[in-house]
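These notes concern the structure reproduced below.
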Amino acid sequence: MSAVSAGVVLVLNSGSSSIKFRLIDPVAGTAVVSGLVEQIGEPDSAVADHAAGLRLIHQRLADSGVDLGEVRAVGHRVVHGGTRFHAPTLITDAVVAEVSRLAELAPLHNPANVIGIEVARADFPDVPHVAVFDTGFFHSLPAAAAAYAIDREVASQYGIRRYGFHGTSHEYVSREAALLLGREPAEVNTIVLHLGNGASASAVRGGVAVETSMGLTPLEGLVMGTRCGDIDPGVLFHLNRTAGLGVDKLDELLNRRSGLKGLSGVNDFRELLQQVSHGSSAATLAYDVYIHRLRKYVGAYLAVLGRVDAIAFTAGVGENVAAVREDALAGLDGLGIVVDPQRNRGGNGARIISAEHSRSTVLVVPTNEELAIARAAWQFV
Ligand code: ADP
């Protein structure tokens, strides 16, 4: 590591059985080391628990020649901030207790985030730990976009509303998009399409999120690797009554056996494309449903925003699959959106892929949630 570095931030993303880590120089904006510890707590795994996982990360950092004394802050990705947290938050015991309480809203994610926070605080007791919430950017959703049209009292008693997720990515990408246009985020209206394993869209007006496709949980919205996205809730009642599926089975069906996987048997987009090219009708249908849903959201967000300056594609699929970008926006010339096929298929990194005369500029913007988290944590150093 360079001797002039002012210090680095360790960014942790703790899942139920994994910890992703990245050591970042927030000033230079570069990653020093990154990696993943998997199979935590699984049978036959050498990594018994998250504490052991973090010891392994320590070891890996030391092995790569990192001086752990240079870690000046730890940034934690936290999935659900509820209505309580939106800005990056310095972690105290009270914050940990509150994040644990929010596990009600994110039972799969928040408990794992809390375990990661606890072990890291014990490991790095002398530096600030900062929580960055996946829901944070969407706290600004107007009531008309955040409310579900259900009984108000039930909604308020149980915290039922649209929270949105992937917020760190949507915020980062919408800002980068404005930079690429050479304009202030406050002047730019953007549609961000975050297409990874999970997928979500957002409408951002002048740097402020006004719509997003995920709701109370990350299940709503676009077609994803294994999640169905939008679905008539009546399907659940019907399956419960006719197939006898209980709530856990339905949860598993919609979260793990739906989306691309449900339609085609594969959730990885690379495999899906391969099967499409081999003429699989199931894979072709999955691709078509995916694209159709994406187009519907683009159209909806055009209407929400009125004027769209930028449409930014990001994450694994958004950054790498030219066909998805082309197909999702094909035939929208009348709405001022024209992708340039050459630009779309060539180049790499952040770039413009629309034609010169396109009213909305279409962009590819690689996301970097870890850098955004590192920068947020750095504010507390
Ligand atoms: P996560 O939501 O897990 O962060 P990513 O943003 O890494 O996911 O996106 C993962 C998805 O992107 C997978 O479906 C993967 O197949 C797809 N993907 C990544 N790179 C490519 C590529 N070069 N071509 C096609 N698909 C890709």
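Glycine is no exception: its Cβ is also placed from the backbone N, Cα and C atoms.
These figures come from a predicted structure and were not determined experimentally.
Pulled from TrEMBL:
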ACT_SITE  D134  active site, proton donor/acceptor
BINDING   N13, E369  Mg(2+) binding site
BINDING   K20, H194, L195, G196, N197, G198, D268, F269, R270, G316, V317, G318, E319, N320  ATP binding site
BINDING   R77  substrate binding site
SITE      H166  site 'Transition state stabilizer'
SITE      R227  site 'Transition state stabilizer'
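Shown on the structure are the features that TrEMBL records.
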residue: N13; record: Mg(2+) binding site; CB count, 10 Å: 23
residue: D134; record: active site, proton donor/acceptor; CB count, 10 Å: 26
residue: L195; record: ATP binding site; CB count, 10 Å: 26
residue: N197; record: ATP binding site; CB count, 10 Å: 16
residue: R227; record: site 'Transition state stabilizer'; CB count, 10 Å: 27
residue: D268; record: ATP binding site; CB count, 10 Å: 13
residue: R270; record: ATP binding site; CB count, 10 Å: 12
residue: V317; record: ATP binding site; CB count, 10 Å: 25
residue: E319; record: ATP binding site; CB count, 10 Å: 18
residue: E369; record: Mg(2+) binding site; CB count, 10 Å: 23
Alpha-carbon distance [D268 (ATP binding site); R227 (site 'Transition state stabilizer')] in Å: 12
Annotated binding-site residues N13, R270, V317, filtered by Cβ under 6 Å to ligand 1: R270, V317
D134 (active site, proton donor/acceptor) as reference: those recorded positions from H166, L195, N197 with C-alpha within 10 Å of it: H166
Cβ packing number for R77 (substrate binding site), 10 Å threshold: 22
When distances run from the Cα of L195 (ATP binding site) to each of the recorded positions N13, R77, H166, E369, the nearest one: H166
K20, H166 as recorded positions, winner by CB count within 10 A: H166
In three-state DSSP terms, the structure that D134 (active site, proton donor/acceptor) belongs to: coil
Three-state secondary structure, N13 (Mg(2+) binding site) (per DSSP): strand
Separation of alpha carbons, H166 (site 'Transition state stabilizer') and K20 (ATP binding site) (Å): 16
Helix, strand or coil at V317 (ATP binding site) [DSSP, three-state]: helix
